[in-house]
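**Student:** Got a structure for you, questions after.
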Amino acid sequence: MDRPAAAAAAAAAAAGSEGGGGPGPVPAGGRRPPRGAGAPAAGSRQPSVETLDSPTGSHVEWCKQLIAATISSQISGSVTSENVSRDYKALRDGNKLAQMEEAPLFPGESIKATVKDVMYICPFVGAVTGTLTVTDFKMYFKSVERDPNFVLDVPLGVISRVEKIGAQSHGDNSCGIEIVCKDMRNLRLAYKQEEQSKLGIFENLNKHAFPLSNGQTLFAFNYKEKFPINGWKVYDPVSEYKRQGLPNESWKISKVNSSYELCDTYPAVIVVPTSVKDDDLSKVAAFRAKGRVPVLSWIHPESQATITRCSQPLVGPNDKRCKEDEKYLQTIMDANAQSHKLIIFDARQNSVADTNKAKGGGYESESAYPNAELVFLEIHNIHVMRESLRKLKEIVYPSIDEARWLSNVDGTHWLEYIRMLLAGAVRIADKIESGKTSVVVHCSDGWDRTAQLTSLAMLMLDSYYRTIKGFEALIEKEWISFGHRFALRVGHGNDNHADADRSPIFLQFIDCVWQMTRQVSDFKYISDLTV
């Protein structure tokens, strides 16, 4: 059985065939032309996936096949190097780095400590002696006795915890540290005690790996490299909404949140129903957790069915109601003439939503929203996902028990949760494409599971997001601009290893995307981009 291509994908059972027919690329302008006369309807079923036609590039059938393939027992090998871009190979070319006398530095990066005669206790090749360099961006170890050189290049942002350990077996005058990484590795180093006292290896690593906990700034603010492309302009919200055919008679591009007073975790530019007044929108915000009102993420170019996202309503234990919120959701439904129903996908477990309701949160009742159907997707919370990743790390590093591999993976529930996310996204895409029905997606606050589901569904529905440029826009839009708390979830720059807010939310999304790239050939970027 092949081992995973990378630690992050170690849990990912990929497998099945790579065929499967995704839709073709979107023409210039990002829109697919209307279907010609005599073409099958969007919701029709055909005997072959390859024969399906869709204006959005959605093939709900291959999405459904993807779910079944996700839990395959085979572990995929790595993608062949022929598919890796020249620039990407250059970034991963460890041999070039090893040939340099000193640690290679990025513009703005500075060396904080250099220590010779450090021993790296590698779980695969044994003890390796070399020179350790600590900068304000990375930990760089290079061997001195091996040909070719052994190089360990670890960005400090990958480090979750640094601990002192005993190293008596390497001499009475030795000490050591263990570096627990977020990419599932545990790294052990041993060195002479006087070197630690003189150069402060442990202190330097702690200081620069966790700058926010030590009154320092993140390295990103010291990074001086100039790029030919202005990254701030990679994603333009107005251009993206225009690509989708907005504004139209039912939806408007609004700057009501330009000063972030309506919702400080939403983008400045949002899309809301044309008929909704700003005063009513403010009342809806007051009824939604963190002020995260339902706003449009994506619209079907033919049926006008939409994906809107938000947070939970604050109904509380007394079933509080808000007429503005009820009217608002009715307006969202009315904007789609193809359906007289609105599907609300609540990502949470029903029992958890009930608990949230007792604490002041809750969900939409059928009595208050008579034309809405509430569906719970039963996806677990951030704490369950964090524990799943911890179990996964235990079985993949430093070694794999081949005899019990499948049962060990099953015991982590990682693939089960990946499957649940993909299955939820397929249900959303199916309602939009086949059911021509608008959907609302939320969890509790609308910035974790909601982002996972909307972005995955949009990947399935719109072939533009399966291009590199489109994928960039998707992450900027659904994750960054809509307030996913990246730094908090990964503990970036923070030394609180046990922080309960840490969770592999974005990692799960990337794993889901990796699964999709392994199952269909329509993606314009290879699966290595997500590893």
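The backbone N, Cα and C atoms fix where each Cβ goes, and this holds for glycine too.
Copied straight from TrEMBL:
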type: COMPBIAS; residues: 1-16; note: compositional bias 'Low complexity'
type: REGION; residues: 1-56; note: region 'Disordered'
type: COMPBIAS; residues: 28-43; note: compositional bias 'Low complexity'
type: COMPBIAS; residues: 45-56; note: compositional bias 'Polar residues'
type: BINDING; residues: N356, K357, A358, K359, N381, I382, C443, S444, D445, G446, W447, D448, R449; note: substrate binding site
type: DOMAIN; residues: 412-474; note: domain 'Tyrosine specific protein phosphatases'
type: ACT_SITE; residues: C443; note: active site, phosphocysteine intermediate
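Please go over these features one by one and say how buried each is and what sits next to it.
**Tutor:** Under the DSSP three-state reduction, A358 (substrate binding site) is assigned to helix. For A358 (substrate binding site), the same-chain residues lying six or more positions away in sequence with a CB closer than 8 A to its CB are P317.
Each residue in the domain 'Tyrosine specific protein phosphatases' (412-474) has a pLDDT score, and their mean in this model is 98.
The number of other Cβ atoms within 10 Å of the Cβ belonging to C443 (substrate binding site), over all protein chains shown, comes to 28.
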**Student:** Check each residue in the chain of R449 (substrate binding site) that is at least six apart in sequence and keep those whose C-beta is under 8 Å from its C-beta; list them in sequence order.
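**Tutor:** Looking at Cβ-Cβ distances below 8 Å from R449 (substrate binding site), excluding near sequence neighbours, one finds A347, R348, L377, I379, L421, C443, I505.
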